[in-house]
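J.: Let me give you the structure first, and then I'll get to my questions.
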């Protein structure tokens with residue numbers, strides 16, 4: 001069986017690459033719902049519908065554990081999926097998100113003020129603020145929505161994205177740490193770091209592999225079921241003209257296929 005990684009588009013490929021680099025022996029299935037991106041401007045009902053369809057597809061295609069690499073989908077759907085959907089549809093499958101591991105990493109260092117840059121839907125949910133305050137109730141949290149970044153990344157227009165990053169960074173200059181709260185944003189992490197040299201920029205591709213490895217070590221009932229043939233499959237719900245170009249920068253020679 002496979003490790004599954006789900007995202008609303010191609011951003012989660014960055015997380016998948018981190019997983020494969022750290023744990024190359026496992027079999028992986030990546031599914032990007034590029035037909036409906038960006039999730040950040042969708043309603044909660046739409047996001048839940050799209051994510052449930054993706055979960056069904058990935059379970060039917062042999063995933064034993066699924067990481068919802070999309071912060072927007074995590075913030076809107078994870079609790080429902082874990083508490084309602086999975087117990088009825090596939091009780092032996094585990095579904096994990098990216099928010100709590102990111103929050104834990106953010107608070108490993110002393111901080112009085114933490115910034116969060118994310119999609120509009122993630123910011124509206126205030127999931128990062130809520131989870132950060134569970135661990136540090138007096139922490140100041142600065143949340144900024146960045147709706148322009150995902151479309152720019154998906155269209156391979158990084159120069160356009162950089163203009164917005166520079167503008168957003170002005171709001172985070174006084175933060176101790178900045179959470180890049182979208183799995184597309186690691187593709188811009190060096191830009192954020194260039195504009196915020198004194199701020200600790202937290203990028204999910206740099207933390208999720210270790211978190212997953214620790215989880216599998218603690219859950220042998222999952223780990224023992226996972227295939228170890230080094231298999232990789234990258235699937236999307238719809239192609240756009242830039243999708244393969246973006247994917248090829250991360251995984252040379254492994255084609256995207258339509259689900």
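The count begins at 1 with the first shown residue.
Placed from the backbone N, Cα and C atoms, the Cβ positions cover glycine too.
Taken from TrEMBL, the feature active site, proton donor/acceptor applies to 70, 182. Residues or ranges marked as substrate binding site in TrEMBL: 7, 8, 39, 40, 71, 72, 183, 184.
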J.: Please classify the secondary structure at residue 183 (substrate binding site) using three-state DSSP.
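T.: Once the DSSP labels are grouped into three classes, residue 183 (substrate binding site) ends up as coil.
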J.: Based on the record's binding annotation for substrate (7, 8, 39, 40, 71, 72, 183, 184), what whole-number value in Å is the widest Cα to Cα distance?
T.: 12
J.: When you measure from the Cβ of residue 70 (active site, proton donor/acceptor), how many other Cβ atoms are you left with inside 10 Å?
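T.: The Cβ of residue 70 (active site, proton donor/acceptor) has 37 Cβ neighbours within 10 Å.
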J.: Quick one: Cα separation, residue 39 (substrate binding site) versus residue 182 (active site, proton donor/acceptor), in Å?
T.: 11
J.: Around residue 183 (substrate binding site), which residues of its chain at least 6 apart sit with Cβ under 8 Å of its Cβ?
T.: 7, 11, 12, 14, 15, 69, 70, 71, 98, 204, 205
J.: Work out how many Å separate residue 40 (substrate binding site) and residue 182 (active site, proton donor/acceptor) at their Cα atoms, rounded off.
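T.: Residue 40 (substrate binding site) and residue 182 (active site, proton donor/acceptor) have their Cα atoms 10 Å apart.
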J.: Could you check what DSSP calls residue 7 (substrate binding site) once collapsed to helix, strand or coil?
T.: strand
J.: When a 10 Å sphere is centred on the Cβ of residue 8 (substrate binding site), how many other Cβ atoms does it contain?
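T.: A count of 33.
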